[in-house]
Amino acid sequence: MDLTLTDDQRKFREYARDFLDNEVVAHRAEWDRAEAVDPAIVPKLGEMGFFGLTIPESYGGLGGDYVTYCLGMEELGRADSAVRGIVSVSMGLVGKVILSHGTEEQKRRWLPGIATGEVLACFGLTEPDTGSDAGNLRTRAVRHGDDYVLTGQKMFITNATWADVCLVFARTGGPGPKGVSAFLVPTDTPGFAVREIKGKLGLRGQATGEISLTDVRVPADARLGEEGQGFTIAMHSLDKGRVSVGAGCAGIILGCLESVVAYAGERQQFGRPLASFQLIQDMIADISVELDAARLLVWRAASLIDRGEPFGVAASKAKYYASEAAVRAANSAIQIFGGYGYIDEYPVQKYLRDARVMTLYEGTSQIQKLLIGRAETGVSAFL
Ligand code: FAD
């Protein structure tokens, strides 16, 4: 495996970092306290190309590779995971499956807007009663002539209150994953209602919502893929999404490392900088090694995607390891900062709160281990 980054990839990372330091890092504490990212950041991210990175130029994107995308996600994770999620859900989870499973008409309708951030998308899989067991979701889509009518509830949906379109997974057939289909539902369709969920532990600036679908009527051509293909589409989307979450987690670890190195160099106790104590270096060394390990797992999965090879298990490993490592790194970072780590003058407490959800969404750590265990043993312990 080639572990070097190209000049273009390095340049993109520097360009992303400069922009994010000015436009996101400078405001993240204020947005976190207000529980709202400033929506004006979305068009700016669009202008910088974050939304269009891996969408082909023919659909308004930049046609970049997945490794470059992961570098962007790492910088976004270092800056503010609440902002990273806006991009990685809209473009990463929804835009990319429209590209892989959409009709030409669906691609032309949605991708140019998603690629610039003018259109925001959300991904509606989880329901109040079905999370990890998403294949048993209950939202229904019933065919009426040339339309489908959707009824049900979606829970914890990122971008829900900001989105223009929601990729809704709903049951068109019998029980289990094979009865699920996917629909691109404009959020202004009558019967589509959103309630914002406030009071989250982390990702406080991100718009997370609960969606109610009451007799939402969409034309049959809003269906993405064939009837019964919805669960496969969702899993395909989440496999790629997990690589992007892993990259965001590497960014959290990077942010922790930079913060603790700077702080431990300045803060004096017992007449010496914290950095000179071996027990402090022990924690810093662990953060540094976990950053390398997380990055390497993410880059391996991303390079498999770029080469068109199977990457699902590599994605689970990257997401599982990087998310758990991000929690460990942020926890150690708070320890190194002492009491100052516990207040929001410094970013490390936010890194911990934001990292915590990464072990839950897009498949919990337990679900990632079951996927890895199934690949190793050939036995499914959960389906
Ligand atoms: P449950 O599935 O009820 O799991 C509870 C616990 O049981 C977990 O520890 C889990 O690992 C464990 N468990 C479950 N099954 C097994 C098993 N077979 N073996 C061992 N342990 C098991 N969803 C979307 O569709 N779109 C989004 O945009 C989105 N954004 C989110 C944003 C946030 C901030 C949050 C918190 C969630 C978001 N989610 C989203 C939902 C997220 O994907 C789910 O929360 C997650 O899949 C877990 O589902 P659950 O919360 O229902 O937990």
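Residue positions begin at 1 at the first shown residue.
Backbone N, Cα and C define each Cβ position, glycine as well.
Bear in mind that TrEMBL entries carry predicted annotations, made automatically and left uncurated.
For 6-118, the entry in TrEMBL reads domain 'Acyl-CoA dehydrogenase/oxidase N-terminal'.
For the domain 'Acyl-CoA oxidase/dehydrogenase middle' (122-216), the model's average pLDDT works out to 98. The feature domain 'Acyl-CoA oxidase/dehydrogenase middle' is assigned by TrEMBL to 122-216.
Taken from TrEMBL, the feature domain 'Acyl-CoA dehydrogenase/oxidase C-terminal' applies to 228-375.
Residue counts of the domain 'Acyl-CoA dehydrogenase/oxidase N-terminal' (6-118) by helix, strand and coil are 84 helix, 0 strand, 29 coil (DSSP-based).
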